Amino acid sequence: MTGVESARDAYIAQGNNCVYQCALNSSCNELCTKNGAKSGYCQWFGKHGNACWCIELPDNVPIRIQGKCQR
């Protein structure tokens, strides 16, 4: 199929494979929706610390993948 976009639930990542750290759900929701997701929230005490998790994030937006954060 061409022209079909899919979405996934994931930690949104910066270009260096680092997550966006957070403290408030509202900041993550704003970041996620600005990048085309349905919504987002701050995942507290998760695998990557307190980080933004997005719901239905488009495929063209980077997500945290296996490997180290390259700061």
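Using the three backbone atoms N, Cα and C, a Cβ is placed for every residue, glycine included.
Summarising the annotation, Swiss-Prot assigns disulfide bond to Cys18-Cys69, Cys22-Cys42, Cys28-Cys52, Cys32-Cys54 and lists similarity to another entry as the type of evidence. Per Swiss-Prot, the feature domain 'LCN-type CS-alpha/beta' maps to 8-70. According to Swiss-Prot, the signal peptide annotation covers 1-6, on the basis of a curator's inference.
Overlay of Swiss-Prot feature records on the structure.
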| residue | record | contacts (Cβ under 8 Å, 6+ apart) |
| --- | --- | --- |
| Cys18 | disulfide bond | Arg64, Cys69, Gln70, Arg71 |
| Cys22 | disulfide bond | Cys28, Cys42, Asn50, Ala51, Cys52 |
| Cys32 | disulfide bond | Ile12, Lys38, Ser39, Gly40, Cys52, Cys54, Ile55, Leu57 |
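Note on Cys42 (disulfide bond): other Cβ atoms within 10 Å of its Cβ, all shown chains, come to 19. Comparing the disulfide-bonded residues Cys28, Cys52, Cys54, Cys69 on other C-beta atoms within 10 angstroms of each C-beta gives the minimum for Cys69. Residue counts for the domain 'LCN-type CS-alpha/beta' (8-70) under DSSP, split into helix (H, G, I), strand (E, B) and coil, are 10 helix, 27 strand, 26 coil.
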